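A short write-up of the structure that comes next.
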Ligand code: NOJ
């Protein structure tokens, strides 16, 4: 199926680089792959090697110093919603141990750290009166990072919506956009002089789709489509107002919006398959929230994707056309959280056709986490070609069920292998000219994995939740070497050629 005419590129953006305008892949020989002493680092010197976390997943101190409940506090305490009734009440106790955790970041040698702010720590009622103790915590955290030479990236909203605002109608209210803007102003006024990188919102597919349509994330609603689409629309209006608030309060801010990127990759590098995956990555094929176009077209193109409008039909809510001016505010980079990818080829009828993975295909311990090493390559490339915005890999990682071994260490060879393969894919994108500003590994610490509780572990550092002891895993040392060498260590003897490790 050809692209619907309205799904061609927005006029304001340059036309996409056609596949032929992208230089051919770097070969093992030209990149120095296969030689341990390769001279050229595959990533630029100013590349932001980092790790990412989120407030509710690590902070704990849930009712301390004036913090009030978010929807996740309420949801996690509702029987049956989170694995074995786990909550974020204590989590990794980062609120009290942030200095130790910044020490770990310094030991790891990261250039940047992505954290999020807990809205209800800062504004206990969701709006209005500021809680100085809450703001002070982030002030101390930012200063500690700067002392360690680490560039802060602040995510303003990572799912912990104030329960007080949920009780006032939440995302169904148009006022939610102003609530977001006011909260953003408060945080940006306090941290904007020291935080260069900002994220307005993290993964709308999750905090709107999984939360308000599928009912599996807080607050656990299953709204009819029309209301779900209203919530999504207001969420994007809120993003736009946050951008304006940031521009006003933090003039040097580099502002991004982060997608739960549903990467689609071609089954082969045949141009027809590359086009099939390109169409798939920017289309809405069904009514579930797991696509990119619904969440990014309004924000970057000022319109809803035709493929989605056709699907939702009469369920589309009414709104003034001028809303798109508020939603589509210029941003500085696109944040892509990327973990996995679907596979597509051109079918016999010329239309994109999904290719099912063979039985036994490798995964992490979360079922959705299929290991597709070329995810970062195709994801970065397709989004760059379409939107011409610098890309930040704001999350990537692997869920495992690590344990402390008899030798007292935490061996996680699978995480190392997966990060290695994915980073080679990212190196290929960089070598081909995609402007990737950084890579934030998810996550620094094992933490509260939302509805899965503490069962699955994403950390480079193991957390013994009973004692709060932190044990850097083998992947921690491995990633430290990657950072210290600008990625040269990725080109060791196992990386015989880009293609056969990134497939
Ligand atoms: C995306 C989310 O932003 C993060 O909170 C979550 O823990 C990871 N993916 C892993 O599922």
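Cβ atoms are placed via backbone N, Cα and C, with glycine included.
Please treat TrEMBL annotations as automatic predictions, because they have not gone through curation.
Going by TrEMBL, these are the annotated features:
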{"type": "ACT_SITE", "residues": "203", "note": "active site, proton donor"}
{"type": "ACT_SITE", "residues": "395", "note": "active site, nucleophile"}
{"type": "BINDING", "residues": "57, 158, 202, 339, 442, 449, 450", "note": "substrate binding site"}
{"type": "COMPBIAS", "residues": "1-20", "note": "compositional bias 'Low complexity'"}
{"type": "REGION", "residues": "1-30", "note": "region 'Disordered'"}
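Checking the recorded positions 202, 203, 339 against ligand 1, the ones whose Cβ sits under 6 Å from it are 202, 203. Counting every protein chain shown, the Cβ of residue 202 (substrate binding site) has 24 other Cβ atoms within 10 Å. Counting only same-chain residues at least 6 apart in sequence, those with a Cβ under 8 Å from the Cβ of residue 339 (substrate binding site) are 368, 369, 375, 395, 396, 397. In this structure, residue 449 (substrate binding site) belongs to neither helix nor strand by DSSP; it is coil.
Residue 57 (substrate binding site) carries a helical DSSP state (H, G or I). Cβ neighbours within 10 Å of residue 442 (substrate binding site), excluding its own Cβ and spanning all shown chains: 23. Taking all protein chains in view, 24 other C-beta atoms sit within 10 angstroms of the C-beta of residue 450 (substrate binding site). Residue 339 (substrate binding site) falls outside any helix or strand according to DSSP and counts as coil.
Summary of the substrate site environment: with the site residues 57, 158, 202, 339, 442, 449, 450 set aside, the chain residues having Cβ atoms within 8 Å of the Cβ mean position are 54, 159, 203, 395, 443, 447, 458.
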